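Pulled from Swiss-Prot:
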REGION    1-33  region 'Disordered'
BINDING   84, 85, 86, 222, 223  substrate binding site
BINDING   86, 87, 250, 251  NADPH binding site
ACT_SITE  183  active site, thioimide intermediate
ACT_SITE  190  active site, proton donor
């Protein structure tokens with residue numbers, strides 16, 4: 001099926017009525033294969049990973065009709081056949097607003113069941129009360145920030161040929177807060193920070209920054225941008241590689257895709273812009 005036809009059914013970019021009662025049918029899957037095949041990703045993935053979502057606008061009614069509020073943490077495995085389209089995720093969460101449920105545990109279990117069905121593989125959900133999060137510090141990525149460089153930038157359309165390496169090998173962790181791409185459907189800007197931990201040919205930092213900035217006019221979902229960056233860097237001969245992006249929230253949700261061929265996902269709180 002052509003990519004356009006596969007995406008035509010999505011509520012993203014279309015006028016949508018907000019549901020007033022719990023409705024799992026709001027969730028819409030997007031096959032990951034649509035954007036994996038063009039960048040050389042087959043069924044056997046060269047990485048493991050997870051899409052870590054945070055939901056800040058979650059509410060429902062308890063058995064007595066009293067509103068409950070929570071922050072939700074959702075982990076969608078990168079191995080799932082589908083990613084979850086973000087607007088449909090928002091509409092799904094909003095469908096809880098005026099529906100009654102007996103316990104927090106039941107709501108969490110219900111979300112796990114529905115999201116797992118959409119993704120095509122088990123999804124983990126954790127709902128936290130606000131009291132559990134008060135006083136949490138704002139996190140930052142480890143390693144060296146490459147943003148403060150006195151360089152000229154002229155490419156704002158995706159250009160992997162900008163990447164360059166030096167002759168010797170190293171292991172290092174780098175990050176940038178200058179990642180910006182655009183929604184595949186609506187063209188709305190997606191702002192993010194990206195972390196790169198690698199062992200292999202030393203990356204030219206000026207070239208890496210120019211490459212990341214070249215996503216500025218690129219249209220792709222968050223998860224797909226991270227996998228594209230992973231593939232481009234892996235093609236340089238990296239022996240070990242992690243790419244992890246944390247995006248600013250939209251519609252009460254942020255998306256934080258993690259991909260690595262050698263380490264588990266970093267455990268960290270939200271960043272300054274989240």
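The backbone N, Cα and C atoms fix where each Cβ goes, and this holds for glycine too.
Annotated features, which come from Swiss-Prot, shown on the structure.
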residue: 84; record: substrate binding site; CB count, 10 Å: 24
residue: 85; record: substrate binding site; CB count, 10 Å: 22
residue: 86; record: substrate binding site; CB count, 10 Å: 24
residue: 87; record: NADPH binding site; CB count, 10 Å: 21
residue: 183; record: active site, thioimide intermediate; CB count, 10 Å: 18
residue: 190; record: active site, proton donor; CB count, 10 Å: 23
residue: 222; record: substrate binding site; CB count, 10 Å: 24
residue: 223; record: substrate binding site; CB count, 10 Å: 24
residue: 250; record: NADPH binding site; CB count, 10 Å: 16
residue: 251; record: NADPH binding site; CB count, 10 Å: 15
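Each residue contributes its Cα atom, and for residue 190 (active site, proton donor) and residue 223 (substrate binding site) those atoms are 11 Å apart.
Distance between Cα atoms for residue 87 (NADPH binding site) and residue 183 (active site, thioimide intermediate): 11 Å, as a whole number. When the recorded positions 183, 250, 251 are compared by Cα distance to residue 222 (substrate binding site), the shortest distance belongs to 183.
Residue 86 (substrate binding site) and residue 250 (NADPH binding site) are 9 Å apart (CA-CA, integer value).
In this structure, the CA atom of residue 85 (substrate binding site) is 11 Å away from the CA atom of residue 183 (active site, thioimide intermediate). The Cα atom of residue 251 (NADPH binding site) lies nearest to that of 86, taking the recorded positions 84, 86, 183, 223 as the candidates. Rounded to a whole number, the C-alpha distance linking residue 84 (substrate binding site) with residue 183 (active site, thioimide intermediate) is 14 angstrom. Taking the Cα atom of each, residue 86 (substrate binding site) and the residue listed as 'active site, thioimide intermediate' are about 10 angstrom apart.
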